[in-house]
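Some features that TrEMBL has for this protein:
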type: DOMAIN; residues: 55-225; note: domain 'Nucleoside phosphorylase'
type: BINDING; residues: Thr63, Ala64, Thr167; note: phosphate binding site
type: SITE; residues: Ser148; note: site 'Important for substrate specificity'
type: BINDING; residues: Met166; note: substrate binding site
type: SITE; residues: Val203; note: site 'Important for substrate specificity'
Amino acid sequence: MALGAACTPVKIGIICGAGRTEKYLDTPFDKKNIDCVLIHTIMPSKVNHQANIWKVVHVLVTTACGSLREEIQPGDMVIIDQFIDRTSLRPQTFYDGSHCSARRMCHISMAEPFCPKTREVLIETAKKLGLPYLSKGTIVTIKGPHFSSRAESFVFRTLGADVINMTTIPEVVLAREAGICYASIAMAIDYNCWKEHEEAVSVDGVLKTMKENANKAKSLLLTTIPQIVSMEWSEPLQNLKNMAQCSVLPPRL
């Protein structure tokens, strides 16, 4: 935990993919960084998003995505401001009846799902670092684990989506219910499969670009986090908390 201005607790959770993981090997001469292949052990639809964001007040996310727009090139970052949900059967609420919330229901507003203040910090930091970024964009989240068909990609483009991934939903919804400042950095890795004369998305291509994107993400996060810690967050956190509390219906007697 770190303390920002006026002693406001700032607990920052970082959610990132396998491309941002490093492994070390013990040797008689201390630890050695090694090349390795990391395999996802949990499908996107099976991730325990509720547990992942428990007891934090900020969540910064890096997510690999496919670009649905010509102007968003592989290697670019998009500071997401809207989403389209195309998932199914994923727990999207803390008020699911399994804990103390058994007799309550939450109708949280998702009009502005990503924290504007946190997004501003990310945008300013990316600008100062000279990183390739777009200051806003709409992400469509699909169930996976398979990639979308070409027909689906054209549909998503028609709907106004700019990038596509498999994990933003339900993270952002749960963060909203929990009153968390949540922001997502979408890292474009390919053009999905909609663009003519471009190689369709493949695991090999994804891993190659993810590795290239990892250093950009690391630089952005390591520079952004101290900035967040130094800022005053009492008002936005209280506003999020009030919204979350007002969105919960009282239990029926």
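Placed from the backbone N, Cα and C atoms, the Cβ positions cover glycine too.
Features per TrEMBL, on structure.
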residue	record	Cβ neighbours (10 Å)
Thr63	phosphate binding site	22
Ala64	phosphate binding site	24
Ser148	site 'Important for substrate specificity'	22
Met166	substrate binding site	23
Thr167	phosphate binding site	24
### Message
Just to verify a number: CA distance, Ala64 (phosphate binding site) to Ser148 (site 'Important for substrate specificity'), in angstrom, no decimals.
### Response
14
### Message
Need one number: mean pLDDT over the domain 'Nucleoside phosphorylase' (55-225).
### Response
91
### Task
Compute the C-alpha separation of Thr63 (phosphate binding site) from Ser148 (site 'Important for substrate specificity'), stating it in Å without decimals.
17
### Task
Could you state the whole-number distance in Å separating the C-alpha atoms of Thr167 (phosphate binding site) and Ser148 (site 'Important for substrate specificity')?
14
### Query
Quick one: Cα separation, Met166 (substrate binding site) versus Ser148 (site 'Important for substrate specificity'), in Å?
10
